[in-house]
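Okay, structure first, notes after.
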Amino acid sequence: MLETGAIWGITGTTVTSFMFFWAIYKQYVPAHFRAYVERYFHKMIGWISYYVDIKFTEYTDEGLKRSQAYDSIRNYLASKSTALAKRLKANETKNSKSLVFSMDDHEEIEDEFEGVKVKWYSNVKVIQPQSNYGQRSSEERRHFTLSFHRRHRGMIIETYLDHVLREGKAIGLMNRERKLYTNNSSQEWYPWRSGKWSNVPFHHPATFETLAMDPEKKEGIKKDLIKFSKGKDYYKKVGKPWKRGYLLFGPPGTGKSTMIAAIANFLDYDVYDLELTTVKDNSELKKLLLDTTSKSIIVIEDIDCSLDLTGQRKKKKEEDEEEDGEEKKEGEKKPKVDDKQSKVTLSGLLNSIDGLWSACSGEKIIVFTTNFVDKLDPALIRRGRMDNHIEMSYCKFEAFKVLAKNYLEIETHDLYGEIERKLEETDMSPADVAETLMPKSDEEDADICIKRLVKTLEEEKEKARKLAEEEEKKKAEKEAKKMKKAEEAEEKKKKTEEDEKKEKVKAKEENGNVSQQNGNSIDLNKKSDS
């Protein structure tokens, strides 16, 4: 009988030899021949194995979309993992102080359904592709594998998998936590890796009840949102993708971002904050939008500042006309375009949000915000693309009453009449009104805060008056300078004309003198000849 040391020695030699020949096989045997060998090896295993394997990958459609089946299976297996798996991953969930456990990578659990036992395997494959920037960047391709005896094939495919997907979807809805997403640079994401978007839990407290806006206007927006959320069959009947566009425009501080948060809380939707300046090109933009989920709001804030999307098509013709008559200077060089600069175009954005690609998934709201709606290209905000245009204006009396109730818990005050008059005369944003109403210490009560607002409104009115006077003064000075320049130009013109007249008279006199001298010379010549 061999000793333990000898056994380990033989084992080590065998493993070393196997690793050596495996390395030779991987390095020197052509890839197409290896594929041929592996194909027949798996076929041979299939002949002698009584088990069937079904693979569920994390991403489908060539890595463009996340698999809903994979997510449902993950939720289902998470409910089984606590009692069955040996290695677990722990995560927090909303409204719960306890942890939720799921299968760790390369773990397996056994499940039973109607007396039939099956096995689930959690797998991840890490590869090292060559990135565009010459660096080695890892990709993780995750998948679940279901293994069962082949005699149960019909029951597993027709009944068990339907049960798993249904249960997993229900668990996902129960544990769903709304999230706020932001897009990553394409250097950080790959087709099989969930790296296109980063997310954090979305816990913004804004609601329509706390939103400083006219109640009738708020009610109209809420009805529109409810109609949209229940309109799946209606949109299908009229032949439109199940999406809706909102344009929020108005001065800074008027509540555009708060409105987005209120919509998300009202509909229980996720929010995708799309930063266009980090998107490399139109193709990357499409991939980002395809990787968003249904029941979500896609937001592009301050779109008038995002790339060159503001009326560029109208300006193009004007610029071309101006350049027609200009000659290029010799040796003039065009500025180099930075390769890292975003190349997203207006047409690319329009096609992504409203073209054929927009119909790939439904129940989405697209929101644009801007401080200067007049700067935007009309094609970007036309009806049918941005269906609902909502002006977020300066604070008026109805909006003030909402703020007073939220911040001071009062619904009336002796100074309400004066505040209403001053709000009509003064442009003050809801954010500034809210900051003024907020108590700055425990000693400040509602009366102090209301009086402070009245004083602030008076100061703002005075500032506006002085600013208007300064603007009027500047305008008058500008007009005076313009008139002075016009007068100087007129005087210069008159002087030039007078100088030209004098030159003409002088030239005429000189010509007359020359003619007279020539005549005198002729007379003298005649006399000398005679």
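Any Cβ shown, glycine's included, is placed from N, Cα and C.
Summarising the annotation, Swiss-Prot assigns transmembrane segment to 5-25 and lists sequence analysis as the type of evidence. Positions annotated as ATP binding site by Swiss-Prot, on the basis of sequence analysis: GLY250, PRO251, PRO252, GLY253, THR254, GLY255, LYS256, SER257. What Swiss-Prot records for 312-339, 463-530 is region 'Disordered'. Among the features that Swiss-Prot reports, compositional bias 'Basic and acidic residues' is placed at 326-339, 463-511. Annotation comment: Swiss-Prot describes 512-523 as compositional bias 'Polar residues'.
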**OP:** Fewest other Cβ atoms within 10 Å: which of the binding-site residues THR254, SER257 wins that one? Let me know.
**Re:** SER257
Original post:
In this structure, which of the binding-site residues GLY250, PRO251, PRO252 has the fewest other Cβ atoms within 10 Å of its Cβ?
Top reply: PRO252
Original post:
Which Cβ among the binding-site residues (GLY253, GLY255) has the fewest C-beta neighbours inside 10 Å?
Top reply: GLY253
Original post:
When you measure from the Cβ of LYS256 (ATP binding site), which residues in the chain that are at least 6 apart have a Cβ under 8 Å away?
Top reply: LEU248, PHE249, GLY250, GLU301, THR369, MET392
Original post:
Given the ATP site residues GLY250, PRO251, PRO252, GLY253, THR254, GLY255, LYS256, SER257, which other residues of that chain have a Cβ within 8 Å of the mean position of their Cβ atoms, reported in sequence order?
Top reply: ASN371, MET392, SER429, PRO430, ALA431
**OP:** By DSSP assignment, list the helix, strand and coil residue numbers for the compositional bias 'Basic and acidic residues' (463-511), in that order.
**Re:** 49 helix, 0 strand, 0 coil
